[in-house]
Structures are given as structure tokens and as C-alpha cells.
Amino acid sequence: MAEEVLLSSEKNSGRLTWSLLAVALLASFGSSMLYGYNLAVVNSPADYIKDFYNRTIVSRNGTSLDEEALTLMYSLTVSIFAIGGLVGSLMVGALVTRFGRKGTLVNSTVLVFIAGSLMVFSRACASLEMVIIGRFITGIHSGLSLSVVPMYLGEIAPKNQRGFLGLIPSIFICIGVFCAQILGLHELLGKEEHWPVLLSLVVFPTLIQLVLLPWFPESPRYLLIEKHNVPATVEALKWYRTAKCDIQLEIEEMQEEQRSLSSVNTLSVLELLTDRTVRWQVISIVVVNMGMQLSGIDAIWFYTNTIFENAGIPTAQIQYTTVGTGAIEVIAGLVGGFTIERLGRRPLMVGGFGFMGFCCAGITLALLLQAHVPFMRYISVGCVIGIIAGFCIGPAGIPFLMTAELFTQSHRPAAYTVAGSLNWISNFTVGFVFPFLQMSAGAFCYLVFCGICVAVAAYVYVVIPETKNKTFVEISELFAAKESAISGRLKLTKMNGYGTAPTQMRTDV
């Protein structure tokens, strides 16, 4: 009878409530979606922005910029978003510890309003600096939100809903890209006079978040483990769980984690990197977060228009074809979100990276043969779509979810700082290096991405355990067992002739 009551309590506590879904949608809509939007929004008005830069320089100096200088200025406008993202990711640990998860999201909205104001008035003020600074500030906000939103949702979700809620931000990133592609069509805001408005539309989702998110509670785990506020923890859990739910079981699980961390304060990044007890967790987030960006997805987005042009798609229709790839991103993200709790994290990661690697090899073959076999042009288009779909099903969002799941409360902020920094550095590296790699290696450059995808898939399959339906303490214990097993094998290796034990045996003889 007691077992039946316990199972009933766990079932009720694991239900997806309207309050949980609402806060996940709101936080993702006002923060995560902006990252995807800002990634894609500069593609459509690129020529208009370059022309604005050139006319501004002419009005100031009386001379125009040459093509190389103009390209450099535009490249700075695009890439400074990633530099801002790196700055934002480095601030995550300090901000979430001081203001909390929800508090950081609410307070960071001021960055979006400042950036939006700079960009929308940049043309009227004839200031190209306002555009560049605005892009930098939006990057800072995206660097924060990419880490804080998954952390917040991972902490408020029951263990059997953590995967679904954790992938909602990645779905909204895809929606953000799709919205930027649609709004950038010539029939909508893709005209010369509208590009400042197109860049600054990010303020509207953030305004909705600023008005509504403060009404939702802070993360219960943050309130209990870091603030030691039991009454606020109880109120937050009642808000996010069903009325019939016995929250005592969940509070006891948090208190168990709190007791295990009673002598440990929130770790700094240096302390995290030197803590041998979480060595494999740190290596794992390094591999999956770097692999996410080094998989070649950014390079694919960079090369999409050229591939479609080579496939014979008329130039006037390429923008609509690109919108079609954005729709595929959203569909693939939804597939991943609705299957993660059924299939688990590892199958989606291994399958996603593995399929991307297969398609990267396919696009190399298609690009090499399409001059001789016309049908290969359409294979290259299919491989582009396959890479995008494979990425959005798993690798696009699960690395952020894994960063929340693989660490306990004291290690999590520093882990997100490390993961976010590597993510943005890798993003910037691919964007900077790919054009040179493409010039030197040609179609073979995609074999580099193929190798990375296959290597990451193999690492996830061999090293990272399935975390579905497990508490944070249970996940830590799985890695502790792995560390013990590896240490045991090392000791056995020494005993077999590589350590001091054999020498002692000979002495005894």
C-alpha cells in the first residue's frame, strides 16, 4: 500500500502543469528566440546595410570605402554578435548566483531595449557605430539567455519532464531563425527603408517577457540550496506542481543534495576545472558544446545559398527556399522536443551527430560529382536539409540540457560559464576560419565536419550515461562510478608491470 502511494505521488509530481509550460514558453519566447532571430536577421538586409555604411563614410570623409573595407565593416557587424555572446557567457556564473535564474532573465532585458533603441535610430542618426554596438549588446543578452534559460527550466522541471522543457528553448531558437527569414522577405520588411526596424524588432518579445515573467516564482532549487529559504521553496513548488502532488518527496531530494554540498560553496570556473570529482562531467560538456558548433552547421548556413544556386534554383526563388529550410528546422526541433522523454538524450545526440556526419560526407561527394552528374546537385540540397534536420533534432539543444543535468547546484553556474564560453568561441572560430578552409580544401572541407560529428557521436555513446528520469544526485553517482572504474583499471595496469608493485615483488623474491 505504501508503495502505491509513493508511485502515485511521483506520477502526480511528474505531470506537465500549465504553470510549468507557461514559464518555459515565456522564458524561451523572450530570450532564446532572440538568439535565433539575431543569427539570421542580418542576411536579408546585407546589401542595404553595406550601402548605408558606404554613404555614411562618404558624408563624413568625402570618400567611399573600397569593396574590401566595406566587406570588413559588414563582417565586423556580423561577428561582433558572437564576441558579445562570449562576454555574456562569462557573466553567467556571477549573475545567477547573485540575482537567481529568473532574476537574471528579468534584469537582462534592459540590454535588449538599449540595443533595439540604438539600431532603430542608427539610420536617422547616420551612425554605423550604433548598429555595431547594438549587435554587440544583443550578443551579450544572447550569451546570458543561452545558458540561463536551460538552467532555469532544468531546475524547475520534475525529472521526467526535464528533457521536454529543456528542449523548448532550442525550438524557439529555430522559430527565431524562421521569423527572421520570413520578415526579411522583400514583400515584408526586406526593403531598404525597413532594415533598422527589422534589426530592432527583438524588443517586442522581450517586453512581453518583462511584463509577465516577474509573476512566476524563482527556481525552487536556488531558493532552498543557495538561499536556504524553505517557505519560498514550498510556495514555488506548489506553483509549479499539481494540487494533488506531495512536494515533500521533492524537497527531501533537494535537501539530500544540500547536505551533500553543505561544506561546498558555489564553485568558480577555476575550481570547477581543477575538481577531479567532476572531471568526466567537465570533459563531456566541453566535447558536446564544442561539437555542437564545430559540427559545421554554421558553415552549412553560410554555404546554403551557393548550393541552392548550383542546384539550378532561380536567384529570385532562393530566399523562399531558404525560408523552407527554416521551416524544416522548426519541425525537426519539435520532433526532438516531443520524443526526448520517450527515446532519451543519448539516442537523439548519437543519432543527430551521426546523421550529420553521414550528410557531410554526402555533400562532399555531391559537390565533387555535380559537374559531371547533374542529378548530384539535388543530392547536395538534400544533404543540406539533412544536416539542418539532424542538428535540430538533438545537438541543437541537448548540450545545454546536459550541462544542467550533469552537475549539482554548487557546480552548475561555473559549468554553464565554461560551456557557454566554448560554444561562442567555437561559433566565432567556424565563422572566421570556414571561408579560408573552403578556399584551401574545396568540397573536402566538409570531411573535417564529418570527422568531428562522428567523433562526438562516439564519445556520447561510450562515455555519457542516459540521464532520463534521474535526479541530479543519481547522475553524479553514475559519473562517480565511472571515475572509480577507470581508477581501478589504472591501478590494475600498474600492478601488471607499469608501477611500483612489481619491483616490490622482485625484492621479496
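From the backbone N, Cα and C atoms, a Cβ is placed for every residue, glycine too.
If you look up TrEMBL, you'll see 16-37 (among others) marked as transmembrane segment. Using a Cβ-Cβ cut-off under 8 Å and counting only residues 6 or more beyond its ends in the same chain, the transmembrane segment (16-37) has close neighbours at 105, 108-109, 112, 138, 141-142, 144-146, 148-149, 152-153, 156-157, 161, 164-165, 168-180, 201-202, 205-206, 208-210, 212-213, 216, 239-242.
As annotated by TrEMBL, domain 'Major facilitator superfamily (MFS) profile' applies to 24-468.
Listed as Cβ neighbours of the transmembrane segment (72-97) (distance under 8 Å, sequence separation of 6 or more from its ends, same chain) are residues 38-39, 42, 46, 49-50, 53, 65, 104, 107-108, 128, 131-132, 135-148, 151, 222, 226, 266, 268-269, 413-414, 416-417, 419-421, 423-425, 427-428, 431-432. TrEMBL lists 72-97 (among others) with the feature transmembrane segment.
For 104-124 (among others), the entry in TrEMBL reads transmembrane segment. Note on the transmembrane segment (104-124): residues 27, 30-31, 34, 52, 92, 95-96, 130-131, 133-135, 137-138, 140-141, 144-145, 148-149, 152, 195-197, 199-203, 206-207, 209-210, 213-214 of its chain, located 6 or more positions outside it, place their CB under 8 angstroms from a CB of the stretch.
Sequence annotations record features per position, and here TrEMBL assigns transmembrane segment to 130-152 (among others). Here the transmembrane segment (130-152) has long-range neighbours at 27-28, 31-32, 34-35, 38, 42, 49, 76-78, 80-92, 95-96, 101-102, 104-105, 108-109, 111-112, 114-116, 118-119, 121-122, 166, 169, 199-200, 202, 219, 397, 400-401, 403-404, 412-413, 416-417, 419-420, 423-424, meaning same-chain residues at least 6 beyond its ends whose C-beta is under 8 angstroms from one of its own.
Residues annotated as transmembrane segment in TrEMBL: 164-183 (among others).
Annotation comment: TrEMBL describes 195-216 (among others) as transmembrane segment.
Feature annotation from TrEMBL assigns transmembrane segment to 348-369 (among others).
Feature annotation from TrEMBL assigns transmembrane segment to 375-402 (among others).
As annotated by TrEMBL, transmembrane segment applies to 414-437 (among others). Among residues of the same chain six or more beyond the transmembrane segment (414-437), those with a C-beta under 8 A of the stretch's C-beta atoms are 78-79, 82-83, 85-86, 88-90, 92-93, 96, 143, 146-148, 151, 266-269, 271-273, 281-282, 285-286, 289-290, 292-294, 296, 298-299, 302, 399-400, 403-404, 406-407, 445, 448.
Remote same-chain partners of the transmembrane segment (443-464), defined as residues 6 or more beyond its termini with a Cβ less than 8 Å from a stretch Cβ, comprise 280, 283-284, 287-288, 291, 294-296, 299, 345-346, 349-350, 353-354, 356-358, 360-361, 363-364, 367-368, 395, 402, 434, 437, 482. The transmembrane segment feature in TrEMBL is assigned to 443-464 (among others).
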Answer key: the stretch among 195-216, 348-369, 375-402 with most Cβ pairs under 8 A to the transmembrane segment (164-183) is 375-402
